[in-house]
Every structure is written in structure tokens, then in C-alpha cells.
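Read through the structure below, which is laid out as C-alpha cells, and then see the notes.
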């Protein structure tokens, strides 16, 4: 079925999922307003460059939406392989230079392979379960390759060390496994295993600063001027905003530098201080709509790869938003996950735009197929 | 449609996916709701708390020390006031490059090595907004030099404040005390942020300490908006300080200063009362420290000099010094005798002493027949041994207490000493021993167990002169009616007659008549033994610290008393010799200032200048004796020579028969 062609709008434009694009532009536009305020009412140094980036990556997403899903399915494994190699390279570079390294300098861009791994792991597992015979899905041996596929990048990223990204890769992979139909008891068992593994990991795997952050998260007031300072000041910013906020450009926590990272990881707190609960509900609501749309794209898709990929990608966006918001509201430790589309920075924006582009591609496929959305 | 088991399996798989996707979506929306709920909790339920925290982040309250209330004398002349003080502080949190800024300041002001070290130490222990003192009492030029270079000195805060000023300096030191920065303990007690505000001083001693609540005032405050790094964004509100209250004393600042100067190099005290009101017109203890210097904190060297001085410049001798009153106690014994019915015209024959059993109690002369009038005038011990033994110690003690001995008074000063008015019960209590007749004889002439303060001596003179139970007043507050003294007026008249004779007739202090026509001073000399050993010198020579104290009490005019005073000169050899001339000049000042000043200027020329001049000379001389000071280095060579010369001189004086080591 073809989309109705209007006389004024050219067909390719009219075919775009405008409602979703509008939602994304709303969130991104609001983010730019927040960055404008965070710079003390100036488009420099953040709002302008972020706007350029936002436009570019939105274009990328629209571009990605024009590619057929079959291409993505075919490209999943090779992409995964390339990214894995890059992760190892990053690891080696870090070892040579000393200290931790997360990116590769390609000259024109600083490529962060772990970021790209977030959508890639979803596509890879979706591809894996799409070609796996359905009967095998519920059998234990099929878990081994899936586990290896998730485990390799997870371990590589964790050793960078990047706790937040590592966890998101694992969550993304596990989500696809869950959606693919891996028996529930395994997740229950896995949760039990986690209960045992987390304290062990806490003591033997995590770095001192990571352990410290978690301890501080559990009791922020124990170190109000150290790591707990971030959480305390963020809660003060959000709490002092009240219902309607202190008003645009009037946030004292962000403008007087009490709120650290007010334009990156804690951009939500900067926003909440000036726009209050109303602004917060707007952001949370908009994201929930976006994520819900993504999951529904999966539900409405006909191919197994498309279904798993769509729901998985939507959940990747969800993890970004949920982890970041829980962090700024003091419900999770500070793990360095930005709020996509709002926080200043390119990596998360790029990842989320790739997710959106893929989702739109699947959505486009659905609309062509009978019974589409 | 494709059929078979495969289909069923795929259909199952599809429905599993849909179920799980919807479950996932539900979970996600649940988390979204949780986040919305959490945010509502923070922004609505806890809004008040966080708004307050945000406000306390944003707004910084800085206190400005209140101007301290003045202390003025009875005529309104300032005794303690405030002068404008330029100071420079460092705000640690705004300091970017401590080394460079301190080096700049050290060059501009300039600062010494010791000061730079102190600033560095203070900076290490200070945190955030609490300013650290760089320098106080700067000249306008120094202050301006720093002010114009502020852009190059981030973190440096020049401010105009007030510092305490005592125009009469050392002359009022023991009265006013001094101010200083609050101690860490004081801050811990109250947690009052004012106490750690730079430039704020609290009373540390004397009136400054006791009148602290009146003098302090209320601090001004400035609310400013600051960034997390401490940069000032703007001022929000300013509240001016409320100055402390002015306190008026009964002191006559001119008299106080005169008396202090007139004491000269001696260690002693002068107290003057207004006999009509009980007002304390002067209360001097010398030598003293300069309270102006104390408010900035004094160096270790200065402290060492003050605490090692055997003239005790840190002790308020007028209230805390206790001396045997010697013959100045005889008026009390005389009143006790009269009260017990002794006939004042009765003659007692003085043959130079009094025989009690096998012990002989000496008199200073062979006075022959003595009645009360002549016994007071000539200070005959034999007479007072006789009547004292006759009336007994308890009667003497009672009379002494009526005159004000053995008691403390309600004065706004930190410490007083009662002294001792001994009686039979006292000795039993104190030593668990019976009172003896010998004790009575000693007490009757103001020796033995009797100990009084110069302040009590002056009060006794004022009570004898006025016949009223005067209560000492130091604060010029509303006057209370003064009850009569519980002593027959005619008895007091007899004692006053004797005291008139002391100065103006055939008495012990005839050399100290007032040089004023028509105004006579009545008085009583006293000499207090410092040690009991009656050697060849009888306390009249030898080491300064073993010499007798000289005491004198007096009042004037004799016929209609207006003023009463006591003078105590430590180790001054005798009352007539050391104390009475001082009293003469002090009372002269009250009636004829030019005449008194003329006498004073003659003395000060002899002594080597006024108090500040002599104190400066002394400080330099002391510094020269201390190792490690520039003065010491300069004086080192000369000192060796001087020591050799001094040793020779000492040998010579021993050969002449007087004791060595006499320095004064």
C-alpha cells in the first residue's frame, strides 16, 4: 500500500513518519533551549554546535530509514565483527598509552566503538535469533553463541573501564534474548546469579572509583563535597525547581556552577530547575511516547529480525533515558550515561539517531506490508 | 500461508514475542511512571527543603563586625574608642595562585618572613569563605597600594574596619583590659560566626571583658550571591551594624593618667575616691602593658618581657595586690579602741617597745607619753600594742570590716582579692590554732596576718573621711543613697584629727603637705615588712625585692573631705618616703592642675620621659638581652664590656658595705 500522495508535498517527504520526527525535534529543540540556558543565555559554546550536530544526525537517521531492513540484517554480523576488532584496538591503544581509552581518532571524527556497539549488539542478536530455528530458541545450547556475542563486547567495554556503556550493551543483548523467547526461568536464574555475582564483582572487578561512586550513591550525604556532590546538587536543582521551575535563565544551581556537568550528564537537572515538574513531565512523557512507538513498530513488524530489532532498539533508547534520569534523581549511581537528544555531546546523539533511523526503516517496511501501522 | 509444525512453532514464537514485547513496554512505562513519581516527590513534596538548600548555596552571608561601644570617663573623655583601621584579608576560596599572591603582598605592604609563614599556615587550616588576615592597621598608602592592584591579586580583600584605641595607653590598661580575637574554644562554645569574622575583637580582660555584652553591639550583614567557586555575582542586601553602647565610668581620665605618670618607674598603685559619692576617680596600677598593642596580639618577645618583669606589669595591683597594711591600719585599731570605750586622752608611755611575757615588740622610736592623737601622728606602735591588746582582736577585726577591709566589691572587673582580716575564729579555721596575744599585737599595727588590697585601703580612707558606708562605684549609673557608717562621728573626728597632724603637724608625713593655700590633707603612712627577718638593714636597703613596701592613705580637704586616696609603692622603703609624695601630687592635681603638672614634668625629666617613651626604651633594652634579635646582635659587643664593668662596680659597692644588684 502506498502512502497517499498530496499535490503539494513531494512523495518522499510525505512518506516520512512526521509524527515521530516531530516528537524527536521537540525533544531535541527543548534540549537546545536547555543548553542555551546552561551557557548563561548564549548559543555558545554548546547550543549552536549541538544544533548543527542534531541536524546532521537527524539527516543521518532519515537516510538510514530509506535503507531496506534486509540490508541491515545482512550487515549485522559484519558490523559486529568490525566493531569488536575496533574495541580490541581501543584496548591495545589504551595499554600502549597508559590509562583508559574509549575512542579511536580517525582524523575527522573521534569514533567510540562501544557507543556503536549498543545498536549493533541488538541487530546482531536479532539476526542470530532470526536465523536460529525456532525450536532451538528454547534449548540451552543456543544460549552459548548468544552469550558469547553479548559477553565479548561487554567484557571489552568493562575493562576500558566504562561501567555504564558495558551495562547498556549487556542489557540490550539480554533484552533481545528475552524477546526472542529464551525461557523465563533462565532470566529468573540469571537474576539469582546476579545477586551472587554483583557483590563479587563489586569487590573484585570494579575499579576503585566505580566502587566509590556506588557507595556514594547509596549514601550521598556521606561525601557531600566529593562524588556525592553530583547527586546532592542534582537533587537540589530538581527539588528546588518545584512545579513550574524558577523560570528560563533563572536556575541558580546551574548558572552559579553548583550543579556539575549541567550541560552533559546532568542536563535534565538544569532543565528541571528552570522548567520544574511541568518540563520534567514533558521530557519523560515525550520519551515514553517515542519508546512506546518503537516497541509497537516491533510488534507490528512481520519479519522476526525486524520485530526483535525494533523492540530491542526501542529498549536501548529506553535504557539511556531511564539510567540517566534515575542517576540525576538519585535512584542510581553516577555512571556517566547522558540524556540522549538533550545532553551536549555527539556520541549518545549519534547512537540514538541510528536507533531511530533503523526504527523508521522498519516502520517504513511495515507500512508497505499489509497490516502495517 | 505455510503449514505444518514449523508454522505452529513460528506462530507460538510470534505470540511469545508479542506477549513479551507488551510486557517489556509495560515495564518501561512503569519505569517512566516511577521516574515521574520520583520527580514529583522531589519537586513537590520536598520542594521546600531543596529550595532552601538551593538558596543557601546561592546566597552567602558575610558579617561585618559591629563598632564597639566606647568607654568614656565621667566627663565624656574617651578612654576606649575606635579608630579607622585599614586591613587586608585573603579569601581562600577565591585564591587562584597562593604563592604568587602572597609574594606580591609581601612586596607591596611589605610583610616580614614571620608574617608570610603565619599567613601560609593560616591558609592551610582555613577553608572556603572564611577570610585569613594578611595585615591590620595599615596606612592609607599601603591600603591604596593593594587596592589599586586588586585585578592582579585575585582572592585578596582590602577592607576598612575599626580597631580599638586607648588614648591613655598603659595608664588605663588595668582598668580597661584589652580586646583580642576570639579563641577557638570560645567559637566552639557558641558557634557564633561573628567570633571568627576577621577584624572582630572581644574583650579579653578588665572592663572590656566584663562589659562585653554592653560594648559588643550587633554585627552588620551583607547577603551576596556567589558561584560555587566563590566568585561574587552581586550584592543582594546589606544591613548596617548596630554599634555597642557607650559606657560612662566614674573615672577622671586626666587624674588617672596623671597618677599613672606620677608613679614613674615604681611598681605601685594609686586609687582615688570621691568621698561624697563613692565614685572611683582613679584606679591605677603601674607598670602596665599598652592595651593598644595587645589588641593586635603581641609578639613572644613582648610577652616574655612582660611576664618576666618583677614589677608585674600584667597584674592589677590595686585589686589583686595584697600587702600588710602596716601603720595605715592604725586608724582601724584606733576606732576599735574608741568603740570599746578607750579614753583618747589617756597617755601610754612609749619606751621604744612593748613587753609581752618574754617577748619584746618594738616601736620605731622612743616616743614617751602618747595619747591617741599623737600616737596616730607619730605612728607609735607601743600605744597601739597597748590599746589593741586591751580591746582584743575581735573588736579590731569588726572595726576593720566596717572600714571595708576583708571584702570584695561589685566592680565590673574580672578579679579582686579579699585579703585577710584575722580574728580568733579565722585563725581556728585556717590554722586550727588558738589566737595569741602576740597575734593581737601584730594585727594592731597592721602586720602579722592582716592583708589588704590598695583598693580597700583607699576605701577605708574614704569611709573615715566621709563617715559614710560608701560603696565603690566604677560605672556612672544612677546614684544610691549612702548610709552612715556605723561608727560614732566623734570617734571619726578624733582619727581624722590624728591624720591631720600626720601631715600638717608633728607627724610622719610633714614633708608631703599640699602646696595649696587653705587646703590641708590628712593622711597616714605605713610601712609593710616584706620579710620577717629583721637583719641589720631592717628592710630599709638591700635587694629591691626584699625592701619594705611604702603605703599611704589620705583625704582632703581635712575640714570638709572631698577626696580620699591610697598610694602603695612596692618595695618603696616607707610610706612617708615613697608613697606620701605621690599622694600629695595626685591630690594637688584635683585642686590645681598646673601646679601638679609642673611637679610631674620635673620628675619625668629625671626618669627619662613619659610612659610610652620609657616603655619603648625598656623594650629595646630587653630585646637586646634576648638572643636572636637584631638589637641583641648590635648590642653583643657592648654587652660584654658592660658586664665586665658592672662586675667591677658590684665588687666596689660590696666593699662599701651596701648590697650588690641594686638596679634602681
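Cβ from N, Cα, C; glycine included.
Residue ranges A:163-180, A:217-234, A:235-252 are listed, and TrEMBL annotates A:163-180 among them as transmembrane segment. With pairs at least 6 apart in sequence, the transmembrane segment (A:46-65) and the transmembrane segment (A:163-180) have fewer than 3 Cβ pairs within the 8 Å limit; the two do not touch.
Long-range Cβ contacts of the transmembrane segment (A:341-362) within its own chain (Cβ-Cβ under 8 Å, at least 6 residues beyond either end) map to 16-17, 20, 24, 27-28, 30-31, 34-35, 38, 46, 50, 53-54, 57-58, 60-69, 72, 112, 115-116, 118-119, 123, 263-265, 267-268, 271, 283, 293-294, 297-298, 301, 306, 309-310, 313-314, 316-317, 320, 324. Sequence-distant contacts of the transmembrane segment (A:187-206) (same chain, at least 6 residues past either end, Cβ-Cβ under 8 Å): 158, 161, 163, 174, 178, 214.
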